[in-house]
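Let me begin by presenting the structure, written as structure tokens, before commenting on it.
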Amino acid sequence: MKKRIPTLLATMIATALYSQQGLAADLASQCMLGVPSYDRPLVQGDTNDLPVTINANHAKGDYPDDAVFTGSVDIMQGNSRLQADEVQLHQKEAPGQPEPVRTVDALGNVHYDDNQVILKGPKGWANLNTKDTNVWEGDYQMVGRQGRGKADLMKQRGENRYTILDNGSFTSCLPGSDTWSVVGSEIIHDREEQVAEIWNARFKVGPVSIFYSPYLQLPVGDKRRSGFLIPNAKYTTTNYFEFYLPYYWNIAPNMDATITPHYMHRRGNIMWENEFRYLSQAGAGLMELDYLPSDKVYEDEHPNDDSSRRWLFYWNHSGVMDQVWRFNVDYTKVSDPSYFNDFDNKYGSSTDGYATQKFSVGYAVQNFNATVSTKQFQVFSEQNTSSYSAEPQLDVNYYQNDVGPFDTRIYGQAVHFVNTRDDMPEATRVHLEPTINLPLSNNWGSINTEAKLLATHYQQTNLDWYNSRNTTKLDESVNRVMPQFKVDGKMVFERDMEMLAPGYTQTLEPRAQYLYVPYRDQSDIYNYDSSLLQSDYSGLFRDRTYGGLDRIASANQVTTGVTSRIYDDAAVERFNISVGQIYYFTESRTGDDNITWENDDKTGSLVWAGDTYWRISERWGLRGGIQYDTRLDNVATSNSSIEYRRDEDRLVQLNYRYASPEYIQATLPKYYSTAEQYKNGISQVGAVASWPIADRWSIVGAYYYDTNANKQADSMLGVQYSSCCYAIRVGYERKLNGWDNDKQHAVYDNAIGFNIELRGLSSNYGLGTQEMLRSNILPYQNTL
């Protein structure tokens, strides 16, 4: 595991020192103009046995003990070179040593360099046996990478493993600019351990010290080391001034943590954000615990709440052990429904409507797998608190292929549903689904014939409250048995497009599927986990109209579709278009009176869907999709986008997305009842742009307009200045942050963010536009 955020003072000698410079080409090349390179042949291995070469205008001495060289003195051994006006060479026999100890004192215009560093000063000393070197009151410059500074005394020790600075400084700014620097009474940089120790560390902006620590141990390479990360600040209308100061803790080789005090002025307190990562034999995981001891804004808005403590707990784990055991955790829980409205968090969003808490343990061997899981939901609604959890759920699959010409499978599930309310129905559901397939295929097509049996048993309890308030009654014990038959055929035709586009190839891929499922009245079964599935082009060929098992719609239908693709001479897909429809011979029904279109008795071509993609050129791209459902009497969903993308930092995109209110109600019935902002559906047009506007300036922006409400939905504007030693980013965002039921209007949050990045700390000279675009509440999605 590597923490990818550069440490705040890691420059203190070196992340810069050992970063790979392969970045935003223009700026990176400009920054390297002031950086020296090692232009002599690099000597590998132990250089102590190599001869010492000395050139000078004059020489005198007492051979073999002492010698004095004056006038343009130049001493070389291996990769090391020492130059000075005068050099005194001393050679002494050391007891018990086969070789004499050779040292030099250098005076006047001392210059030492090797393949890693250049040291300059008025006075120097070196041990030619050990490569220990001292330079007093001088400057240093890293070779081949940004990094320079000054010190009263600069020392190279341990055959260049250690660089030690007494009263030293460091900056990655080029010569002539000291915009920022780090100074310390002593700095020890260990190249092997990739760590720097700094005593009495002060971080300076220009001549002004803004940060002090009596001792810091900081990472200066790829090895994980504890230390402060780059702080951040912003201003929002929700929390006013906010400031972050993260600290990275390298606990062990297989675990680390990031602890971030997050001050929020309006909340009147500090939120402690704690991220913990780990690796184990059972897999990898991440935990996040955020805790705000008290919140004065929440106290004012919820005077009847006993506690104003706000918190979030997130746990994600995925792993395999002994090649057969699978462990997965996806758990998010917050203190209250307003949490994601009040606080930005990468582990959840107010637009999700709920948080999931899921644990699962699986076992898998050849032809067999089984999973035991529990799943709960925390609904972010103060009006509708009803939600079902699976406590527990068992899923079992057994496969046996090549049974003669057939493939077989048996799927089984047992689950117990519990509601958060005491008066709602609960159930135990047992489902068995044996399947047999006859797959046939050749080079140009395939046909798959499938038959299965859907057998489900429900044992429902706690029905009194529901049955007393509804005309359709639920039964305690229900058995539902449904056969299913399906034939799915595909063909692929190809042709060369030599006449229109030499080297290009076009495919035509027709597909047809017949599906039959008889009708079973399911009105005596409560809907515990079923919802309408999205009917995009690929969704037209699903077996089920609904997810889950509580609603299995009858089907006597033919689905037809065709896809055409165009590939260039490098086999890159340049264009595709897909169009399909479902033709119903009889009405698709479940018997649920709450599904409004089941009363329409519609047949014929009811559902249409189409998708398209066109890579017009290397820089232009177009995507689109539309789904029409006559049962909803309108277009269910549609989306489109066109994009010009020159490179990562130069792009312009126009997009549109639409979802009808009937479609939202059908797919998210429980969320729809409380989501006032979506009662009229979604119809939003948007624009996203990122472009450098000057030599080192770039701008990024996004704007979304709700055509139903005739008002802005979301917007963002960011400006960044980049130089060789720092970058400044200022951003503004206005985003939808909930709905005021009393005033019946949307609630917006305005945020101003400010961030400074010290350059030369990592290999990234990019403008950061992708990060800014994807952090938006409606994140940028690539069209190309």
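Cβ coordinates come from backbone N, Cα and C, glycine included.
Going by Swiss-Prot, these are the annotated features:
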- CYS31-CYS724: disulfide bond (DISULFID)
- CYS173-CYS725: disulfide bond (DISULFID)
- 1-24: signal peptide (SIGNAL)
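Neighbour density for CYS173 (disulfide bond): within 10 A of its CB lie 23 other CB atoms from the protein chains shown. The DSSP secondary structure for CYS31 (disulfide bond) is helix.
The Cβ neighbour count for CYS725 (disulfide bond), using a 10 Å radius over every protein chain in view, is 21. CYS31 (disulfide bond) and CYS725 (disulfide bond) are 9 Å apart (CA-CA, integer value). On a Cα basis, CYS173 (disulfide bond) lies 6 Å away from CYS724 (disulfide bond).
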